[in-house]
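Encoded as structure tokens, the structure appears first; notes follow it.
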Amino acid sequence: MNWNAHGAKILDMIRNSKPLVHHITNLVVMNDTANVTLHLGALPVMAHAVEEMEEMTSIASALVINIGTLSKHWIEAMFKAGKTANDKGIPIILDPVGAGATSYRTETCHRLLEELSVSVIRGNLGEVSILAGLGGEVKGVESVSAGGDAVDVAKALAAKQNCTVSITGKEDVISDGTRTVLVDNGHEWLTTLTGTGCSSTTAVAAFSAVERIPVTAAACALMCYGLAAEIAAPQAKGPASFKVAFYDALYNLNAEQIEKGGRVREVS
């Protein structure tokens with residue numbers, strides 16, 4: 001596959017069709033993820049009330065479930081939205097923020113994965129390792145250690161849950177247990193801003209809304225997301241100016257930039 005050309009094609013499809021991405025996401029990143037959704041060309045909605053979950057999810061093209069700021073009412077909404085998404089064939093993208101940091105988070109993730117059919121799990125190495133049963137350590141929401149390298153961990157959880165797993169880091173790893181893809185795009189300044197991992201989950205959801213092969217959607221999304229960061233970095237003097245430049249780069253990202261700058265390789 002020509003990953004760069006296909007990524008450009010998917011981005012064009014998003015911009016033309018403007019799919020609705022429903023987020024049940026955390027309070028820290030809500031505004032940022034809404035903006036990233038818009039800059040990619042999709043439409044965001046952040047609805048959390050249990051009373052409207054079925055209706056709102058039914059009109060969406062993808063659902064993000066992000067556990068960053070959990071409460072029992074939000075968990076109820078997650079299950080209701082997730083079951084509606086499964087019934088309607090709408091892809092679910094799960095961001096297990098801080099899984100492993102507390103038993104509440106870890107148990108909630110396991111319940112979600114047991115009761116819902118998730119299309120893509122997007123997390124850091126520690127979170128994914130813990131969910132795969134390989135051990136690891138998460139401090140707050142940051143990965144400290146894991147029970148293996150990213151490729152092995154992604155494959156393990158993908159096989160366990162029968163879904164696609166994306167581990168973001170210096171090099172992004174995407175695997176469905178059979179196919180494994182590496183994305184080398186990105187910039188270290190993404191780590192200076194809170195919520196950039198959560199926003200990458202939003203990118204995966206936007207791409208999943210129009211590309212129904214999860215590995216392809218996730219790899220192309222993370223390629224475009226990382227490439228925008230690379231384009232933005234030379235224009236920035238620090239984290240604040242980088243954020244503005246990054247948003248502009250996402251909004252203005254075009255096929256020529258993607259075809260020249262995307263770095264994706266399939267390793268199995």
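Just so you know, glycine gets a Cβ as well, placed from its N, Cα and C.
Swiss-Prot has this to say about the protein:
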type    : residues       : note
BINDING : Met46, Gly195  : substrate binding site
BINDING : Arg122, Thr168 : ATP binding site
Problem set entry | Thr168 (ATP binding site) - helix vs strand vs coil (DSSP) | coil
For this session: Take the C-alpha atoms of Arg122 (ATP binding site) and Gly195 (substrate binding site) and report the distance between them in angstrom, rounded.
Result: 13
Problem set entry | Distance, Thr168 (ATP binding site) to Gly195 (substrate binding site) (CA atoms, angstrom) | 13
Problem set entry | Length of the line joining the Cα atoms of Thr168 (ATP binding site) and Met46 (substrate binding site), in Å | 23
Exercise. So what sits near Met46 (substrate binding site) in its own chain, CB-to-CB under 8 Å and at least six residues off in sequence?
Worked result: His23, Ile24, Thr25, Met30, Thr33, Ala34
Exercise. Out of Arg122, Thr168, Gly195, which of the binding-site residues is least crowded by other Cβ atoms within 10 Å?
Worked result: Gly195
Problem set entry | Three-state secondary structure, Arg122 (ATP binding site) (per DSSP) | strand
